[in-house]
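In what follows, a single structure is set out as structure tokens and then discussed.
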């Protein structure tokens, strides 16, 4: 297995995996992907097996308060996706470890993430990667008249 940073040359592979994780339009994904590639505090990794992209990870450095953490800045897992045939093979663990090494370069001592309340598959994955649940939050909004 080979893990490498995403680049302009790997946009097609990254987009294919990203579409499986988040259901935005291709144009929206591509616009955000180009922005992320230029962002100093963003990391995008792709894992390959036999020249096929099998997993992706997106992480960032967050300087604002991150729920459940005690320090700042914090490495933050924005998203991770592994093709079903390659799950439970250790690829997600390898991606997370590389993201943690990257986050340490920014003096991070914590790595955080979030998941929807009803996404129990994501909760299980986070636990298997060493994350601990810290709190549950429900966000509210209201239109101002």
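Here the Cβ of each residue, glycine as well, is placed from N, Cα and C on the backbone.
Listed by Swiss-Prot as binding substrate are 65, 78, 114, 135; the candidate from 14, 22 that the record includes in that site is 22. Within the model, the domain 'N-acetyltransferase' (1-145) carries an average pLDDT of 95. Across the range of the domain 'N-acetyltransferase' (1-145), the DSSP-based residue counts are 53 helix, 35 strand, 57 coil.
Residue density at residue 119 (acetyl-CoA binding site): 12 other Cβ atoms are found within 10 A of its Cβ, drawing on all protein chains shown. Excluding 80, 81, 82, 119 themselves, the residues of that chain whose CB lies within 8 A of the CB mean position for the acetyl-CoA site are, in sequence, 21, 79, 92, 122, 125.
Distance between Cα atoms for residue 119 (acetyl-CoA binding site) and residue 22 (substrate binding site): 13 Å, as a whole number.
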